[in-house]
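Below is one structure; the comments refer to it alone.
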Amino acid sequence: MFVDRAEVFVKSGSGGNGSVSFRREKYVPRGGPDGGDGGKGGDVILVVDPEITTLLDFSYKKKYVAEKGENGSGSKCFGKNGENLYIKVPLGTVIRDVDTNKIMADLSHIGDKYIVAKGGKGGRGNVRFTTAVRQAPDFAEPGMPGEERYISLELKILADVGLLGFPNVGKSTLLSVVTKAAPKIANYHFTTLSPNLGVVNIPGIQSFVIADIPGIIEGAAEGVGLGIDFLRHIERTRLLIHIVDISGLEGRDPFGDFIKINEELKKYDVKLWDRPQIIAANKADMLYDDSIFQDFKKKVENLGYNKVFKISAATRQGVEELMKEAAAMLTNIPVTDMHISEEDKFIPEEKRFTYEIEKQGNVYVVKGSFVDRLLASINVNDANELRYFHKVLQNKGVMKQLIDMGIKDGDVVRLNDFEFDYIL
């Protein structure tokens, strides 16, 4: 089954906690601190695997969590870092952050990888807090939490040439003739329900990848039929081969079909409409009057399309010449990566411990991630740790902000469940 969209939850590992530990050594206060740092949490990393061609696996597994970092221990032993979690995705996968809908990465080259969730930093052990005055710190830092988010994966197939046209004009037949691909072929509309890829290998020309893009009909840009689901797969192609049924056996007007498909391209993305096209008038073996082809050719040439071929995919008439022209045109069309504008680009938030102060009468409530982390690392009932606590508040600017807010002697400062009286 071809699946080209998925949404999953990813979470990196939290950092391990720093250790509170003391070595046993004579004449060293409390044995001397020797608590090691916690290990870093594992990252969640998406990596391209060229052997994968669909996002089907993500239909069954929706949650990916990396390993936590191990806690530090005595003798200054650092905790082991958590293992990174590698998730394989197909070539051409676009990653978006679900909350912002911003593009995180476009994995369009073999070897590409992207960290979608960075592991938390390990907490510092108590040996890190030793000073000339504080020789036996009885506290350590907890590990930083890992990142978590929902991401959407969108597969936009990578092909040099896209086969374009209404259903049942012979796109799949042409693909099967010029490549080793084996798409489903039958004489009814929408036989092909997913893009098919193949490599064109013809002696004397540079090989290239070609894709049969199904489901494009009038109204596709608004989602009619299979519509937008497959229009986006054309975005990466450098050249389009626009196939029409020149035989008219189904009562269709080839020129009218040509105009309608191009209108859909223009409505979806004007850059697609402006992409180079070769026109392939297919089913010429069933054409009863060559003047029909000549009239069609004249009309499209008047619109500026001068690469028009009369072919029959079924009998292979004109097919090799068509492929040679495509290969020749590709040599002059550069390969360009997907452009991500600054507006669409995802910028990860910097991990910062912040706080805010709210005045409630004579009580000043300090809250935020900074407060949570600080209180998690110390014992406020210990005099030495309490001195460290006040020093951190001073260095962080909390005390200055309290003064600027007009705190008075005897007012209360509250941090979560801990509070103290402010003394000038």
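Just so it is clear, glycine is given a Cβ too, placed from its N, Cα and C backbone atoms.
Annotated in Swiss-Prot:
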BINDING   165-172, 190-194, 212-215, 282-285, 312-314  GTP binding site
COMPBIAS  32-42  compositional bias 'Gly residues'
DOMAIN    1-158  domain 'Obg'
DOMAIN    159-331  domain 'OBG-type G'
Key: C-beta crowding around Lys171 (GTP binding site), within 10 angstroms   = 30
Message = Given a separation of at least six residues and a C-beta threshold under 8 Å, show me what packs close to Lys283 (GTP binding site) in the same chain.
response = Val169, Gly170, Asp245, Ile246, Ser247, Leu249, Ser312, Ala313, Ala314
Inquiry  = Within a 10 Å radius around the Cβ, which one of these binding-site residues has the most neighbouring Cβ atoms: Gly165, Asn168, Ser312?
reply    = Gly165
Ask   = Looking only at the domain 'Obg' (1-158), what is the mean pLDDT?
value = 89
Task = Could you tell me which three-state DSSP class Gly165 (GTP binding site) falls into?
result = coil
Query = Could you give the number of helix, strand and coil residues in the compositional bias 'Gly residues' (32-42) as assigned by DSSP?
reply = 0 helix, 1 strand, 10 coil
